[in-house]
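Annotated in Swiss-Prot:
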type     : residues : note
TRANSMEM : 30-50    : transmembrane segment
TRANSMEM : 51-71    : transmembrane segment
TRANSMEM : 122-142  : transmembrane segment
TRANSMEM : 151-171  : transmembrane segment
TRANSMEM : 178-198  : transmembrane segment
TRANSMEM : 224-244  : transmembrane segment
TRANSMEM : 247-267  : transmembrane segment
TRANSMEM : 285-305  : transmembrane segment
Amino acid sequence: MADVGYTSSPAAKEYEAQLGDYFALLKPRVMSLVVFTALVGLQAAPVSVHPVIGFASILFVAIGAGASGALNMWWDADIDAVMRRTANRPIPAGRVQPGEALNLGAALSGLSIMMLALTANFLAAGLLAFTIFFYAVIYSMWLKRWTPQNIVIGGAAGAFPPVIGWVIATGSLSIEAWLMFALIFMWTPPHFWALALFMKSDYDDAGVPMLTVTHGRKKTRAHIIAYTVLLAVLAVGTGFSAIGGPVYLAAALVLNALFLKGAIDIWRRDEDTAIADEYRVEKKFFRLSLWYLFAHFGAILLESALRPFGLGGW
């Protein structure tokens with residue numbers, strides 16, 4: 001771990017960790033997105049899976065996601081202690097020792113990969129292993145601290161769950177799986193750059209080279225609208241694929257109109273206005289981005305649910 005002066009207080013060292021503290025290491029909010037998108041990938045696949053196998057497989061994907069979260073918190077404990085947004089996480093708050101997080105993450109990683117291989121197939125397990133490695137090592141240990149493109153490249157880690165879900169069902173990769181991957185991959189930069197606009201001081205203090213730190217807020221705003229335009233083209237275009245359909249397309253048109261408007265509003269903002277209203281527009285866009293992704297994958301899920309009745313898809 002890089003050292004930026006992280007230490008736990010004597011009182012914190014006497015604290016006995018509770019079950020909830022260990023669960024918090026797994027990043028349950030992130031895990032919920034992983035579970036949902038993996039489930040959509042599983043359900044959208046053209047091959048049906050026995051419910052028990054499907055449930056168990058998604059459970060092991062969730063455990064793998066939690067494992068990578070624990071490894072990330074172990075490695076990032078020093079900068080988490082500096083940032084207001086993360087200072088109350090279990091390790092910097094002294095509720096869990098770093099070694100415990102490392103052991104938990106390593107154990108759950110091995111368990112999830114092995115069990116997914118036995119439950120589903122080796123390709124799905126291999127993709128899960130790569131995802132954990134990418135997030136814990138490539139992103140957390142390298143990209144996050146060394147390049148302003150950290151969340152652009154690192155976004156791949158969060159984009160793999162629907163691909164894994166698809167592979168659980170089919171045992172192979174296809175263009176539809178990669179379209180779902182691309183949706184999350186292209187969504188990640190504007191989502192996190194919006195956060196970085198109103199949390200810039202946190203990244204400054206921690207020495208994390210987010211785009212707002214290295215290039216300033218003005219260029220970050222321009223990057224947000226550029227990626228949002230590309231994302232909108234991709235999202236609407238997905239409506240004409242095998243996982244799309246009229247329901248998805250209608251949802252995508254509305255969602256991307258709203259998202260583009262939000263990005264334009266951010267792009268037009270001057271810094272004095274943003275400071276005066278405490279980044280109200282940026283915070284609104286950040287919240288919208290969460291609903292944006294859930295709604296797109298919800299529409300894909302609805303299309304797959306309607307398809308057996310002859311109502312979904314084209």
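Just so you know, glycine gets a Cβ as well, placed from its N, Cα and C.
Note that the coordinates shown come from a computational prediction; the quantities given were computed from them, not determined experimentally.
Same-chain neighbours of the transmembrane segment (122-142): 57, 60-61, 64, 67-68, 71-72, 75-76, 105, 109, 112-114, 116, 150, 153-154, 156-158, 160-161, 163-164, 167-168, 171-173, counting only residues six or more beyond its ends whose CB sits under 8 Å from a CB of the stretch. Highest Cβ contact count with the transmembrane segment (224-244) among the listed stretches 30-50, 178-198, 285-305 falls to 178-198 (criterion: pairs under 8 Å). Residues 37, 40-41, 44, 151-152, 154-156, 158-163, 166, 210-213, 217, 220-221, 223-224, 227-228, 230-231, 234-235, 238, 241, 243, 263, 266, 274, 278-279, 282-283, 285-286, 289-290, 292-293, 296-297, 300 of the same chain, all 6+ positions outside the transmembrane segment (178-198), place their C-beta atoms under 8 angstroms from a C-beta of that stretch.
Proximity of distant same-chain residues to the transmembrane segment (30-50), defined by a Cβ-Cβ separation under 8 Å and at least 6 residues beyond the stretch ends, is recorded for 57-58, 61-62, 65-66, 69, 158, 161-166, 168-170, 176-177, 180, 184, 242-243, 293-294, 297-298, 300-301, 303-305.
Counting only same-chain residues 6+ beyond the ends of the transmembrane segment (151-171), those with a CB under 8 A from a CB of the stretch are 30, 33-35, 37-49, 54, 57-58, 61, 65, 68, 116, 120-121, 123-124, 127-128, 130-131, 134-135, 138-139, 143-144, 177-178, 180-185, 187-189, 192-193, 210, 297.
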